[in-house]
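See below for the structure under consideration.
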Amino acid sequence: MHKVNEAIQVIICSLVLAAVAIWLPYYQVETGSLLNQYDFAQALAWQEPWRLVTAHIFHLDARHVLYNALGLVVVCVFFARHFDVRTWLNAILVIATLCSILVWLVGVPERFVGLSGLIHGLLVMSLLLEWAKQKYSFNDWLPPLSIALLTLKVVLEIAGLLDSQILLSQGNTFGYVHGAGLVAGVVAWRLHRRRLASLAITPSKSTATDNSRD
């Protein structure tokens, strides 16, 4: 029951983030320079480091944000059971920040906004966590197949062979953002797994100490 409550809280957090992202394009209409202050910009990434995170919640228009908001919520509904609110927020911050840093290192694109890189990272992280429950057995073929297809999608985007708003693919420059998101998602997964391992070790140490006292 506790895990169910945690999953519901994560889904609520994703709905709040999606709602904020949907609201922002309408607010941008009233404040025309807002997007220029919070998008990712190569030249300003380190002078204004908040852009590393804020770029992911801003969007170019209503259609752009609706597809991304829906994608974020769907991923969280399917995989919320792997997180509590703190670990989910940690994942969001790690993926968003690292994705932007990787884009800065690659140098393409020079500017971007949108949740799609974050969604790709969160999805690959969630698929890896799902696969980990099966001890990475290929008998459970769905997670590794999904990861392979997601990676292929990004490769096709970068090659300029895939362009679909429904698949969050809008030109090869966004393929680099999605690729950075995948790498960031793998890093976030490793950090998440290390935390789970440390939590597993800590109770066992406590139990051993209690037994020695007995």
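Note: Cβ is positioned from N, Cα and C throughout, glycine not excepted.
The transmembrane segment annotation in TrEMBL covers 7-26 (among others). Panel annotation: around the transmembrane segment (7-26), residues 34, 57-62, 64-66, 68-70, 72-73, 75-77, 80-81, 83-85, 88-89, 92, 115 of the same chain, lying at least six beyond its termini, place a Cβ under 8 Å from a Cβ of the stretch.
The domain 'Peptidase S54 rhomboid' annotation in TrEMBL covers 48-188.
The transmembrane segment annotation in TrEMBL covers 64-80 (among others).
For 87-106 (among others), the entry in TrEMBL reads transmembrane segment. When Cβ-Cβ distances below 8 Å are used as the criterion, the transmembrane segment (87-106) is approached by residues 10, 13-14, 17, 40, 42, 45, 51-53, 55-56, 76, 80, 112, 117-118, 121-122, 125, 176-177, 179-181, 183-185, 187-188, 191-192, 195 of the same chain, each at least six residues removed from its ends.
Positions annotated as transmembrane segment by TrEMBL: 112-129 (among others). Below 8 angstroms of C-beta separation, residues 21, 35, 39-40, 55-60, 64-65, 68-69, 71-72, 75-76, 78-79, 82, 91-92, 95-96, 98-99, 103, 143, 146-147, 150, 154, 168, 173-174, 177-178, 180-186, 188-189, 192-193 of the same chain, each at least six residues beyond the ends of the transmembrane segment (112-129), sit close to that stretch.
Residues or ranges marked as transmembrane segment by TrEMBL: 141-162 (among others).
Taken from TrEMBL, the feature transmembrane segment covers 174-191 (among others).
Same-chain residues lying 6 or more positions outside the transmembrane segment (64-80) and placing a CB less than 8 Å from one of its CB atoms are 6-8, 10-11, 13-15, 17-19, 21-22, 24-25, 88, 114-116, 118-119, 122-123, 126-127, 129-130, 165-166, 168. Residue counts of the domain 'Peptidase S54 rhomboid' (48-188) by helix, strand and coil are 99 helix, 4 strand, 38 coil (DSSP-based).
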